[in-house]
Amino acid sequence: MKKNSFIFNTNKCVGCMACVAGCSIENSTSLGLNWREVNCHNKIKHPSLPVFHFSLACNHCEDAPCMKNCPALAYTRDKETGAIIHHAEACIGCKYCTWACPYDAPKFNPSTKIIEKCNFCVDRISDGKRPACVEACPLGALSFGQEEVNEENHLTPGFVNRGIKPSIQLIPLREEHAKPQIENTDAVEIDIEKLESYLPKLKSKIALDKEWTLVLFTLAVAGLVSWQTAFLFGKMEMPLIPFAIISVLAIALTSLHIGKKLRMWRFILNLKGSWLSREIFSFSAFLGLTGLQIISENQMIGYAAMVFGIFSLISVDQVYKFLKRKDPLPLHSGMVSLTAILLFAWIADSTLLIELIVLTKASLYVWRKQSLRKQKLSYLPWVSALRLLALFVPFALHYIHPQLDLGIVIAILFLGEIIDRSEFYHESDIITPEKELRIIN
């Protein structure tokens, strides 16, 4: 089936940025906030590597992850043109779509505190015209038409094939351009690490200094759910006022991460497709039901709260499925579900469960650090040592002094969990075309 598509010929693009200028003029975008970007492979022009450019904007995918995962339902599809349209008035500025999109199409505007992106020049297409970026291209590298898009043509450097059926036809680099002939056969072999050091460092869309509120929020979820479960089974008291204070702080931490705080109610509109919506809804239900459980002392309400709490833990871990981790393991020692089980095990004084979770978390942590070390990546040995101590010291103290105050144990455990959860964000990244082009083959 043919559909409106961009057509990009890698062999013709010279990186003149005319397409970027055309888009900016047509859509009056903010300075430095380009809906279309041109990335370059081999910016330092090493003679034994190909030099080519890649012009990319929103690809208006059939299975658009931005639209599917937006918790506020701020995206819709224009049935006539196939364009994915972002509605500014519905956007809450949570930036989750910028994580979900592998093509770096949604852009967060710090001035308006919401998302912007390419709209396929939907008005121009409806009038029978071509998009402004296509009109501006002087060499015909970027064109537009009704195309039968072939997924096999998406196997191009700098373009991540996620099977989401993007509306773009790619004409890849010709073989003779991909492998240039080098006359100097005595040239020194390419030092990839040295070449990378010459390139400017790319900013990550996810970083600890930007996501510290999420570190505290996700650990608050784990702590509250484990506390409520222990309270339900009679292992620990749960006074209303401390519970309410921690709950309010957790909600406040969530609000710090979004651009439009008065639109927070839109968080729960996409329960069908967004794990972020499910996280906020289930955690909100958990808080409400737990409050009722404390006031009414009703066990059935407590069981309902526990179910929503468990689902909120699952949702928190699923929210981060888009992240690109530096280690190959599918599980992370800092997952909130594992943290919640660890905390519950200590509160419930379940020795067998404590041993099982400590061993699991320690194994995952050490394995991950070994993987980072083998990749010659920073693995923070002193921080790692402190994290493992925070995991095993309470375990050792439990045998030396079984009557040790639980508050001391929980404080030590939380220190370790803060380190582990912080490293989760520090070691994660978001896939973008520019970063894919930086991989030197």
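Note: Cβ is positioned from N, Cα and C throughout, glycine not excepted.
These figures come from a predicted structure and were not determined experimentally.
Under 8 Å from some Cβ of the domain '4Fe-4S ferredoxin-type' (4-34) lie the Cβ atoms of residues 40, 52-57, 59-60, 81-83, 107, 109, 111, 116, 118-121, 124-125, 131-147, 149, 156, 167-174, 177, all in the same chain and six or more residues away from its ends. According to TrEMBL, the domain '4Fe-4S ferredoxin-type' annotation covers 4-34 (among others).
Annotation comment: TrEMBL describes 82-111 (among others) as domain '4Fe-4S ferredoxin-type'. Looking only at the domain '4Fe-4S ferredoxin-type' (82-111), the predicted model's pLDDT averages out at 95.
Residues 243, 246-247, 249-250, 253-254, 256-257, 283, 286-287, 290, 293-294, 299, 302-303, 305-306, 309-310, 312-313, 316, 336-337, 339-341, 343-344, 347-348, 414, 417-418, 421-422, 425 of the same chain sit 6 or more residues outside the transmembrane segment (212-234) yet have a Cβ under 8 Å from a Cβ within it. Taken from TrEMBL, the feature transmembrane segment applies to 212-234 (among others).
Residues or ranges marked as transmembrane segment in TrEMBL: 240-259 (among others).
Look at TrEMBL and you will find 302-323 (among others) tagged as transmembrane segment.
Proximity of distant same-chain residues to the transmembrane segment (335-359), defined by a Cβ-Cβ separation under 8 Å and at least 6 residues beyond the stretch ends, is recorded for 218-219, 221-223, 225-227, 229-230, 233, 235-236, 313-314, 316-317, 391-392, 394-395, 398, 406, 409-410, 413, 417, 420-421. What TrEMBL lists as transmembrane segment is 335-359 (among others).
As annotated by TrEMBL, transmembrane segment applies to 379-400 (among others).
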* Remote residues contacting the transmembrane segment (240-259) - C-beta distance under 8 A, at least 6 residues beyond either end -> 91-95, 108, 112-114, 211, 213-214, 216-217, 220-221, 223-224, 227, 280, 283, 287, 290-291, 294-295
* **the domain '4Fe-4S ferredoxin-type' (4-34), counted residue by residue under DSSP: helix, strand, coil** => 10 helix, 6 strand, 15 coil
* Structure fact -> Given the transmembrane segment (302-323), its same-chain partners at Cβ distance under 8 Å and 6+ residues beyond its ends are 65, 96, 99-100, 206, 218, 221-222, 224-225, 228-229, 231-232, 275-276, 278-279, 282-283, 285-286, 289-290, 292-293, 335-337, 340, 424, 428-431
